[in-house]
Every structure is written in structure tokens, then in C-alpha cells.
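Okay, so here's the structure we're looking at.
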Amino acid sequence: MLEQEIAVEQGDVTAMYARLDVLREKARGDLGRVQVEETTGTDQARSERESFTKLYSGRFAQLSSVERGLCFGRIDETSGERFHIGRIGLFDDEYNPLLIDWRTPVAQVFYRATAAEPLGVKRRRHIRLHGRTVVGVDDDLLDAAALGENERGTLIGEAALLSSLGASRTGRMNEIVATIQSEQDEIIRSGLPGVLVVQGGPGTGKTVVALHRAAYLLYTYREQLGRTGVLVVGPNTTFLRYIDQVLPSLGENDVVLATVSELYSGVTATAPESAEAARIKGELAMADVIARAIAGFRIVPTKAIRFKMNADELVLRPDAIRKAQRGALAAQPLHNRARPIFVRRIIKTLANQIVDRIGKQYVGDADVEDLEQELFQDDQVLEILDRLWPELTPELLVSVLFSSDERLAAAAPYLTSAERSAVLRPLSAAWTPSDAALLDEAAELLGETAEVVVGRKREASEAAAAAEANREYASGVVDIELTAERIEIMPWEIEQFRDLIAQRTQQLANPSAGGDRSYDRTSVFGHVIVDEAQELSAMDWRMLMRRAPRRSMTLVGDIAQTGSASGVRSWAELLDHYAPRRWRTAELTVNYRTPSEIMTVATAILSAIDPTLRPPTSVRDTGTRPFLDAVPAGCLVDALKAAITSEQRAIDEGRIAVIVPATRYDEFADALPDVAHTHDPSVLDGAVALLDIPQSKGLEFDSVIIADPQGILTNSDRGLSDLYVAVTRATKRLTILGELPEVLTQVRRTPRP
Ligand SMILES: Nc1ncnc2c1ncn2[C@@H]1O[C@H](COP(=O)(O)OP(=O)(O)OP(=O)(O)O)[C@@H](O)[C@H]1O
């Protein structure tokens, strides 16, 4: 029976691949043609060719990305209709659907239908492919009554989900379109507006669901998000590398991936810092500290400033300076933007003194202007103005603030001297992750410098004129090409193609302008997805919210896994402030990663964190119990080496992580030179990776070996949460070696399986 059903599916699948080949060949042919085509050599002809190239190569890349697992399901409706679900929509020459894209509304029943609520579906079939060959089909019977006698005989049952979960890990996250579960599907297809918080324990699929949601939103709201873009924020670069294949494998390439510290563009903010420094700098009070630090640069001297210019003695009294400052700030609150107003006022005060001395009746308007110009160019005057109100960059402000105890004490009077010592550092110290949000805050409060404003205005007017000309040109090109039937594009692609030509023409005229979606500090996005959202500090949220002015966001996280002392304690507290009445929560409750045997250890740790918390339910058992061994400190490295060797044997092709306390990372890195280390960007490509807790967030491995659990506990105030994170990284096997803390000795020591 199974063979027969497989043969039936093979017929359909072969037809789908044949269609895919036709489309791909066509895209390849189109691409090749435009690449070799002679152009007249003008800029516009080149731009036209580049636009065609981008259109066809984008289409070719999309058609190639769906090769693996093109079709993965079939729905048999009670009405008698039957259709296949896959990674892309395909039609035959008569526009009959061969395959339905998983993101379309009709495909939703594939993920949502249950026996209790069949939604008009009698059978859901999972189809497994190896290359282009159907190797298995698994059926879920949803409405037995609707299934005819002979159809009942064709039912094939085997759990598609479990077979996918048991597979060895590769160091890269995979897409899960074939096995999305109902509670996950509801989250993926939730509407675009507002903030959706997805809370769920470890391994419940928060990350993978968030990425599929990005693909769904880009597909469903293509026009809107095509313009404004999607930003995915993850905890560190190792994690971003772990997930960076998921969206391209779903055919989506137009997404910006970044860590929080990359959100302030232009600096690399990765230097290490103490947990205490990160806590202090992550608190909301820092917004006021930055504001006060800026104000601290605007000086009102206690005594009048006197100086000579030509024969005149000029005087600037504290009152006049204070008045000029207040007036400027009332007109324009941003420091750098208000400075020119302040400068004009001071120059006027000085010019008036000279005019008074000469006698008003002898000085005309043009003379006053000349006089002001002269003052404005005088070195003494410029030096005084810079002293009273210097122009500042965010980088200068933040580095000066954290290198001067005096400035810091004045700007942050609530900090104790011990707290100030925790954040003080040399002027030229490297940027740390918590600096990014402070630099961003400073940039907001300072505003651009005069030079940048002038440059930007000039660029904007030039760009507007060029864009208009390009749009007209692009419309002409598309009309001519369509009339001459030289291009074949779908009606809905015309606008996109026109924009592409306009954009490319612009780039030829101005090659420094960004190509694909680029990012800078002022970028805003139509939708923002934040993973491990519980780790972000209050200051990080302020920065992030500036990138999501529409407040269309998906935040995924687990408060029990919070490692950072400045992380989120309550979603309500955070979101009632930023998105009042525009946020909703969804919960994921099933753990797809960690088998029940390992969750026994995780559960003991979770109840030590908070006895009221319940772990997610594991979807599978492995029969392999975790191995906990109280190894004395002096033997730990040897025990680790032995464990690595035996785990490699046990898991064969999969991946192993050795997780150690952050403070002992270098020590273990020296002791285990053959293991991939986190300073290496390809750390996850090796068979064994050495990680600390922050680096292991969001990742998973077939086998996890935790060294020195007691060290992990004492390393931070959130040591229990850190241990919980480490334990729940395992998909099959867990080994814990070293001094065992109380919370683990309670879990019965088990003999090695
Ligand atoms: N429906 C599904 N089908 C197949 N695999 C799934 C499904 N849902 C989740 N998984 C797998 O479960 C594992 C855990 O998922 P994911 O990393 O998204 O969990 P998480 O909730 O983000 O975990 P954590 O909070 O611990 O980082 C991944 O390997 C993922 O591919």
C-alpha cells in the first residue's frame, strides 16, 4: 500500500519539478541573454541591463532555493478537492495550480486542522522527499467519517514531526515549513500591526517561528514591507550565523539581520565589560544622564568674559550668555541644531556693543552685517563660542563622559562612587555592547552638526531631482520593452521593475548610494523581529523602538532564561509604555528540542528559579538519561577530554557543545585547543564548539557537555537561569562534569548509559 501511495505522489512531484525546471531554465536564459547583450554603452543602457540582471537573477535564486523539499504536503478536503502544499506556488500552462505556496490562506488548514476541529479536511498527508524522489508519506486522519472505504485503505501513518526532530544537527538552523504545528501557525499568520510577544520555554520553536513569520509577512504584505523592510535582531553574531540560512531557504533575502550592538551603525561595539557596568549603563536613568552630560558642555561662566577686538573691549556677561542659551534651546532643543541660534545671539550682542560705541546713527544695516561677519570669523570669538557651546558628536560625548569622574558625577548624581568606578574607563577605550544605545541616545539629543545638515540638504535636493528624472526614464523603458515584447514580466512585477531601473540608474550616477537594503542609524523598518528579547536593557529598547516607529514587531523570549541583570522582567511594564493597547501575547508550550529525560534536570533548575514556573512539555523521549559526575577540579580537563571523545562516538555525525563559565572561557580554550572557539566566526561548523552562556543562547547541539556548573551558578546573579539555558541546548544527550551544586545533586546521579 505504501509503495502504491508513494508512486501516486511521485507522479505529481515529478510534474512539479518539471515545471520548476522550465521556469528556472527560462530565468537562466533571460539572465544569460541580458548579460551578453550588447548595450549602446550609455549610462542608461547599462542601468537598464543591470535592472534586468537583478530581476532575473532574483527570480533564478528564488527558484533555486526551493529545490530541496519543494513539496511537503497534501490536503484532501471533505468536498473532494485535493491540493499539494510546498515552498512556492506553481501553475501549469493552463494556470491550474500544481503546488500551493505554504504562506497562502488556503494552505493554512494544513497547519491548523486537528481531529477535534478538522476545518473541512479529511486527510493531511506529509510527503518526504530525498532529492526529487518521494521516500515517505505520513497521513493524519482528521475526519474518518468523511473518508470513503477505499480511501481508508490508503492511509499511511508515521509521525513526520518526530522524524524531523530526531535528525542530527548541522550547526545551522533549518526551516520547518513541512512540520509547522498548529499553535505555531497561529503565531506565524498573526496580522502585521502592533507588537506580538511570543513567550515560551526553551526549544518551543520561538526562533524558528519568528523567522517563518518574517517570511509569511514579507509574502502577504509584500508591497508594504518591500518598501519598508524587515529587521531581525539577535543576541550575537554566532546566533545570526546560525539562523542566516533560514530566510534565504524560504526564498526571502531582503531582510536585515543585526545584533543590538550593531544598531548604532559606524562603531564596532563588541569589547567585553563587567555585568555591573552593563547593568548601570542599561538602566533607563541613563537617558537623563546623557541629556545632563550634554547640558554640562554648555557653560555659563561665573565672571564676565572680556576681550579686545581691534580697539574695542568687548564683554560677555553671564546673564547675556544664559539668556542666549535659553533662547536658543527654546527655539530648538537639539544641542548641535540649537548652537547656530546661540552663536547668532552672541554675535549680535557683541555687534551691538561695537555699534553703541560708534553711535547708531553712523551705522547702516549693511555695516552691521559686515561687522557680524567679521566677528563670526574672528579666532578669539570662535574660541569663546566653542568653549561656551561646543559642537559634539555622540562618540565624543560618550567617551568623555565615561572617562571623567567629575563629569559622570555631575550627570549621574544617583550613582555611588563604586558604581562610577565600575563604568569609568580610559578616553580611547573600545566600545562595548551597552554603549550602542547610549551613542544612539546621544545622537538623538545632539542632532546633526551644522556641516552634516548642510551636506544632507544639498544631497536631498539633488537626489529628489535625480529621482524624478529617473522615474520618468524608467517608465519609458518599461513601456518600450513591454511594447516590443522584449521582456516578459507579470503585471504585479511592473512597478517593482520600474523602481529597480530607477534605482539602478541612480546608482550609476552616484555609485556610493546603497545597493540592496542598506542600514544606517536613521533606518526605520516596517516590521522588527527581536529574538532573545528578554536580554535587552531599557536603553536598548529605547534605541530599538526608534527603528520601529509603526510598532509593528514580533518579540520572542523567555523571561526564565534572562541572563542580563538589566533584562526584561515584565512584558507589560515594557510595552504599556511603548505600545499601549497595541500589544498582544501568544504562548508556545511544547518543547521540540529537549527530550523529557534532559528536561528532568531543567525542571529542577526551573523550580529553583521560581517554583511557580512550569517547563514546556517535551514532545519526545530518547531513552538516554543525562550523566552527572562530581569531578574534582584537578581532574576536570581530563574528564572533559574523555567525555568529548566518547560523545563523538555516541552521536556520530552530529554536533557537540562544551559550555563553560564565561570567566573560565580562556582557561578551557587553552586546555582544549582542538575544539572550535567563539572568536572564530565558523565556530558552529566544527564538530565540537566551546561556548560560554551568552554565546550559547538560542543554539542547539546533539550533545551538550557542561563543565563546572558551580562556576556557572556563581558567575552571575542570574546563575540559575544561565544553567537552565545551558542544560536546554541539548537535543539528545547531556553530560555535566565538575563540582555539582545543590540543585543538581537533587537530580539522581545516573550511571553512564
Ligand atoms: N514544528 C516544528 N517542526 C520541526 N522542528 C521544529 C518545529 N518547531 C520547532 N522545531 C525545532 O525545535 C528546535 C528549537 O526551536 P527554536 O530554536 O526555535 O526554539 P526556541 O524557543 O527559540 O528556543 P530557545 O528559547 O531555547 O532558544 C529547533 O531545532 C527547531 O527547528
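In case you wondered, yes, glycine gets a Cβ from its N, Cα and C as well.
What TrEMBL records for G200, G201, P202, G203, T204, G205, K206, T207 is ATP binding site. The domain 'UvrD-like helicase ATP-binding' annotation in TrEMBL covers 179-595.
Each of D558, L588, N591, Y592, R593, P616 belongs to the same chain as G200, G201, P202, G203, T204, G205, K206, T207, is absent from that list, and has a C-beta within 8 angstroms of the C-beta centroid marking the ATP site. For the binding-site residues T204, T207, the largest tally of other C-beta atoms within 10 A is found at T204. P202, T204, G205, K206, T207 are the binding-site residues among G201, P202, T204, G205, K206, T207 whose C-beta comes within less than 6 Å of an atom of ligand 1, given in sequence order. Under a cutoff of 8 A between CB atoms, and with a sequence separation of 6+ in the same chain, the neighbours of K206 (ATP binding site) are V198, G200, D531, V556, G557, D558, L588. Under the DSSP three-state reduction, T207 (ATP binding site) is assigned to helix. DSSP assigns G200 (ATP binding site) to a strand segment in the three-state reduction. All protein chains included, G200 (ATP binding site) registers 22 other Cβ atoms within 10 Å of its own Cβ. All chains included, 24 other C-beta atoms sit within 10 angstroms of the C-beta of G205 (ATP binding site). Here the binding-site residues are P202, G203, and the one whose Cβ sees the fewest other Cβ atoms within 10 Å is P202.
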